[in-house]
């Protein structure tokens, strides 16, 4: 059997081809789903505003309903409320927070009801004039498609997550024609990791959706635009626009959730809320999304400056984004910063204890009880050696009711084959400790000789966090700026 190396650049990717192949099918089905969603929006727009059965694009501004048009969004909202009440509560909300919640807390499983009812409810809500867009609905619906397909395969929760996100981003690609922005949305908001296992399926699904979009929906940018090259003086305008956009995002998020809190206080079921009524922090995705929507190269720089300032403003002023706030209100914390796991950066050899108390395999049980398992004993378990090679681990329970004349090697419970290697990562070892439910492992040179060189425990693994703590919090001035006169005096 080929030895697994925990210190390679990427984790084991043996199933990468399988996931990418499934993702290609997910991308195709999500594109069809996106096409159905757009047809549903156009159908209900014609039905509500013009009372005709058609999927042709027609602007609702051309209606002839007069003042009765006010009742159209109310009627649409009431229908959506009924669908949520008697169909599935999961269709309520924007769509992206629900997708994040399924990824983080539901093992990336979504129900078939969501795949059917979410596009239906979204078509009714948007088609009846509701102030909504197709981004959230298609992400949730495409995610449901990916999740449902994944549930029919023998996959882990992490692999299902990759396919759920692949479906969500493929749907976004099909609706908006923005495959690169969709991949970045996955990285910045949905995947919570950056691994080939998850990135490759997402990219494949978006590529498939991008190629199929011209055949089913339309080709070219959704909002073609051309702007002149902006002078350097325009940077100030971008900075001001960024601050104002960040402030507006804060106002919108605050107002939205205060209104939602008000609805929760009403003595009515949530199915009636839509009849009464009617921002996410992902700057890189926002910049590329704007470019792919318009194909306007000249707008890239000002959009980058504006989005970055707005991003910084909201990071400083808002504890959570408009998307993660809803998840937080359900009792879940979503951490949005990425970093390399400190346990992946350190080997077992760096943290193990090299001074190890051991027991000779030929020792008598009476002697071992006296020297290692007395009342003031330092440890509860000790490695057993024969000529420096590890035989197993022994604790007090293994000696209970055993004759004093027996030798340690005569005990049947000594042979414990679970060990650690010095060149393994601390993350690989931590996983092994958790899987087997043990607190420490002996460290050997190799699996053949099994020569003991140390022992590692939970507390040893926690040492890896100290380096990260120092990097983040310990500040120092490495080089000091010297005045010219002082520098000359030092030279002289």
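Cβ coordinates come from backbone N, Cα and C, glycine included.
According to TrEMBL, the transmembrane segment annotation covers 16-41 (among others). Panel annotation: around the transmembrane segment (16-41), residues 55, 115, 119-120, 122-124, 126-127, 134, 137-138, 141-142, 145-146, 149-150, 153, 159, 162-163, 166-168, 170-171, 173-175, 196-197, 200-202, 204-209, 212-213, 216-217 of the same chain, lying at least six beyond its termini, place a Cβ under 8 Å from a Cβ of the stretch.
The transmembrane segment annotation in TrEMBL covers 61-84 (among others).
Sequence annotations record features per position, and here TrEMBL assigns transmembrane segment to 162-187 (among others).
Under the heading transmembrane segment, TrEMBL lists 234-259 (among others). Within its own chain, the transmembrane segment (234-259) has Cβ neighbours under 8 Å at 277, 279, 302, 305-314, 317-318, 321-322, 325-326, 329, counting only residues six or more beyond its boundaries.
Taken from TrEMBL, the feature transmembrane segment covers 271-291 (among others).
Panel annotation: around the transmembrane segment (297-316), residues 225-230, 234-235, 237-239, 241-243, 245-247, 249-250, 279, 281, 283, 286-287, 290-291 of the same chain, lying at least six beyond its termini, place a Cβ under 8 Å from a Cβ of the stretch. What TrEMBL records for 297-316 (among others) is transmembrane segment.
Model confidence over the domain 'CBS' (411-471) is summarised by a mean pLDDT of 83. If you look up TrEMBL, you'll see 411-471 marked as domain 'CBS'.
Using a Cβ-Cβ cut-off under 8 Å and counting only residues 6 or more beyond its ends in the same chain, the transmembrane segment (162-187) has close neighbours at 19, 22-23, 26-27, 29-31, 33-35, 37-38, 99, 102-103, 108, 110, 134-135, 138-147, 149-150, 155, 194, 197-199, 201-210, 212-213, 216-222, 282, 284-285, 288-289, 291-293.
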